[in-house]
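Take a look at the structure below.
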Amino acid sequence: MGKRAALATYDKEFSFVSPVVKYLLFLFNLIFWMISLVLMSVGIYAMKHAEAAMACLAVDPAILLLIVGVLMFFITFCGCVGSLRENICLLQTFCIFLTIIFLLQLATGVLGFVFSDKARNKVSEIINNAIVHYRDDIDLQNLIDFGQKEFSCCGGVTYTDWSQNMYFNCTTDNRSRERCSVPFSCCLLSKDEAVINTMCGQGIQELPYLQAGAFIHTNGCIDKLVNWIHSNLFMLGGIALGLAIPQLVGILLSQILINQIKDQIELQNYNLQHRTDPWQ
């Protein structure tokens, strides 16, 4: 308390709260608050009917964007208002949520590495669920087509996984025009083709594996995805670090500001208690 008494004696306008820390934290949150608004806008714009959205909640990109956007909006709102108003409660809420998210990301990465087989099964489950709902959502459809073209693959484990979809399955009672077919994104397309034949996967599932390989990519996307991850560990590590650094910066700045505000409150209380002190 001696330090605060000396400061109170010689400088009544002194503040422990650093404007640099305060407005740096505000700017930090403002940037991510605007990003959250963009994510929410895109998610709302891309969202389909509620029934279709709930059917493929776990794999719908629009729903995922909306959830991430809402979560970011709430957290950064607490950070923005808390830093400007020097509100300890809001700053602590911001810090706690950011810490929880960081720890969850860290735990997910560690568990995914340790239990790689279970993680692979979970990825398989998500991909199979996406295949089932392929025709239910145009955003999900575009995402799957992009993935299959990018990784030169078809289905989860193999191209016959597309039989899980009601339009592509090979049952005799399926009267769909796409019966026993696969999406055009599975096809072996020439870069010289000006027009893409979207019917190139027609009836492919009825062909033996070797014959089908002349027309489509027969390898599943799960193996291709795992191989891609193993080949790009350094890049993925850099992305993870890039996501972690802003979170750690936000946690650090908020804790510094919280401690400064607490010191300032103690100083103000001290001044109130000693403002009639004849020694001042």
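A Cβ is built for glycine as well, from the same backbone N, Cα and C atoms used for every other residue.
TrEMBL: automatically predicted annotations, no manual curation.
What TrEMBL records for 20-45 (among others) is transmembrane segment.
Note on the transmembrane segment (57-84): residues 22-23, 25-26, 28-30, 32-33, 35-44, 46-48, 90-91, 93-94, 97-98, 101, 126, 129-130, 133, 137, 139-140, 143, 250, 254, 257 of its chain, located 6 or more positions outside it, place their CB under 8 angstroms from a CB of the stretch. What TrEMBL lists as transmembrane segment is 57-84 (among others).
Residues annotated as transmembrane segment in TrEMBL: 90-115 (among others).
Positions annotated as disulfide bond by TrEMBL: C153-C186 (among others).
The Cβ of C154 (disulfide bond) lies under 8 Å from the Cβ of Q148, W162, V182, P183, S185, C186, I216, H217, T218, N219, G220, C221, each on the same chain and at least six residues away in sequence. As annotated by TrEMBL, disulfide bond applies to C154-C170 (among others).
Annotation comment: TrEMBL describes 233-258 (among others) as transmembrane segment.
Across the structure, C153 (disulfide bond) and C170 (disulfide bond) place their CA atoms 20 angstrom apart.
With the fewest other Cβ atoms inside 10 Å of its Cβ, the least crowded of the disulfide-bonded residues C170, C186 in this structure is C170. The number of other CB atoms found within 10 A of the CB of C153 (disulfide bond), across every protein chain shown, is 23.
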